[in-house]
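Below: one structure, written as structure tokens.
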Amino acid sequence: MKVSPLVFVLALLAPLEIAHGSAARSASKKIQQPPNKVETKKATTISTKSKTTATTPGLWPCFDELDKRLIMISIPMIINFSITPLVGANDLFWTNRMGNVLAVAGQAAATQVFNSGFWLASFLPSVTSTLVSKENAKGNQEGVQDSVCQALFVAVLIAAVGTPLFYNYPDSTLGTVLETGAPAMEFAKIYLNVRAFSFLPALIALVGFSAFRGILDVKTPFMISVITSMINCVLDPILIFGFDMGLKGNALSTLLSEVVSAITFLYLLAKRDLIKMSKLFRFPSWSKLLPLIKGGFAMQLRLIAFNITFIAVARVTQGIDKTGVAAAAHEMALQTFQLGGVALMALSVVAQIVIPNELHSDKGGARVAKATSNRMMSWGLILGTLLGGLQILVLPWIQKATPMEEVRAAARAPAILASILQPLNGLVFIGEGVMSGCGDFMFLAVSTIVATVGCVAALQVFPQEHGVSGVWMGFAVFNVLRMIGVLMHQFYVSPIAPRNINKELQKTK
């Protein structure tokens, strides 16, 4: 998940900003002495050159100050984003060791259904971190508590719907990705019946993570994530084989790790005076949430489009054959994609942070934001190419995750195709991060909806001829259409589009 998570890396920049401010004040004291004309002219020239150089970095990486800043922000983001797919790969590894293809297919289907429901609540991180950071900047501890407690209240309401839905109606929910009577249905129900209870603890952890980001504490959520992920990984073989629980043990290990995460977050939130029990049961303050409703609505539309895409992919994959080989092969190709995809998705989040800071800064502005966007896009292309090549190189190692030769054979071509698509993914992910950073949420939603329509149409054609590889061809259509949206945004729609920058310059003149 995605995972998708934003403000906490700013804490890493705080020492630099403080140092920068101290240096600026020191320099200010030095130039308070009356300079002569030559010194004034020289200082003005140097200042102008420095400002021009600082505000107009080149397109390609050259490891200048901008690159160093981007790298410093990106590394912790990449590490954090890497944890979830690594845990997912560990879960898949031990499920494969059961030697039952249908168990793998069932887990994949149940996980997709659970994630689809969970993603509908993923507006909480952006809302929570934004509200908390705003109140924290004011020094308003009561406001911080209100924001966190309101988010937890909403999380409880969402879980009160999600958990009973998944537990009581597994046939209906799993029917979105599995056909009636599908052989994998039995295993999917076993997994989902346990995983359903992790809905609330997972949401609590999500809110806690966002709250600590809002107060610029990066270490606390990172350490909790590492520790609970280790618990999950250790419990998998113990419960699956040691206690002979099979697929139920896999789901239980995830549930227990998320319960530990939720309890830890609640304890630390209370200890840091970020929540009060008396406020946990109050209805959310709509006046505080109202400014975010418009953006949140747009992001929900986008999430719905993503869910439709992934459910369509899962349903088509499950329907390719009844043995579960196609579904298991697709899951392996997905793991191959995530090897490099997490780094590119982390850069997307970095773009969401960096672009608005440049765009709304007194020292930045649209031109600097545009130059920063261009540099990040070039990084996306380069890293996408390198990561795609790396995925192809390590593919033989990834395929060892399953002992089943038929799955390895079926997964090879889709995994290679997933690797070839990474350069495009690098451009798309960062470009969409720029959209979010500019606040163009509705345009981002519309772009995703159009891409979803194209992908669903492609899935009706390509898999019939090319099997699992055809599913990834559908993904290619999805990302090509998203790339068109990125280009339209950067050249025509966004505030950093060249024509819009020129319009603003004309207004100032």
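Yeah, the Cβs are placed from backbone N, Cα and C, and that goes for glycine too.
What TrEMBL lists as signal peptide is 1-21.
Annotation comment: TrEMBL describes 27-49 as region 'Disordered'.
Residues annotated as transmembrane segment in TrEMBL: 70-89 (among others).
Same-chain residues lying 6+ beyond the ends of the transmembrane segment (148-170) with a Cβ under 8 Å from its Cβ atoms: 113-114, 117-118, 120-121, 124, 127-128, 131-132, 188-189, 192-193, 195-197, 199-200, 203-204, 206-207, 210-211, 269, 274-276, 279-285, 288-289. The feature transmembrane segment is assigned by TrEMBL to 148-170 (among others).
Positions annotated as transmembrane segment by TrEMBL: 190-212 (among others).
Under the heading transmembrane segment, TrEMBL lists 224-243 (among others).
Summarising the annotation, TrEMBL assigns transmembrane segment to 249-270 (among others). Same-chain neighbours of the transmembrane segment (249-270): 91, 94-95, 107, 110, 148, 190-195, 197-198, 200-202, 204-205, 207-209, 211-212, 220-221, 224-225, 227-229, 231-232, 235-236, 238-241, 243, 276-277, counting only residues six or more beyond its ends whose CB sits under 8 Å from a CB of the stretch.
Positions annotated as transmembrane segment by TrEMBL: 291-313 (among others).
Residues or ranges marked as transmembrane segment by TrEMBL: 333-355 (among others).
Taken from TrEMBL, the feature transmembrane segment covers 376-398 (among others).
Taken from TrEMBL, the feature transmembrane segment covers 410-429 (among others).
Annotated transmembrane segment per TrEMBL: 441-459 (among others), in sequence order. Sequence-distant contacts of the transmembrane segment (441-459) (same chain, six or more residues past either end, CB-CB distance under 8 Å): 294-295, 298-299, 301-302, 305-306, 308-309, 312-313, 316, 432, 435, 470-471, 473-475, 477-482, 484-486, 488-489, 493.
The transmembrane segment annotation in TrEMBL covers 471-493 (among others).
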Long-range environment of the transmembrane segment (224-243) - Cβ separation under 8 angstroms, sequence gap at least 6: 80, 83, 86-87, 90-91, 94-95, 97-98, 205, 208-209, 249-250, 252-254, 256-258, 260-261, 264-265, 268
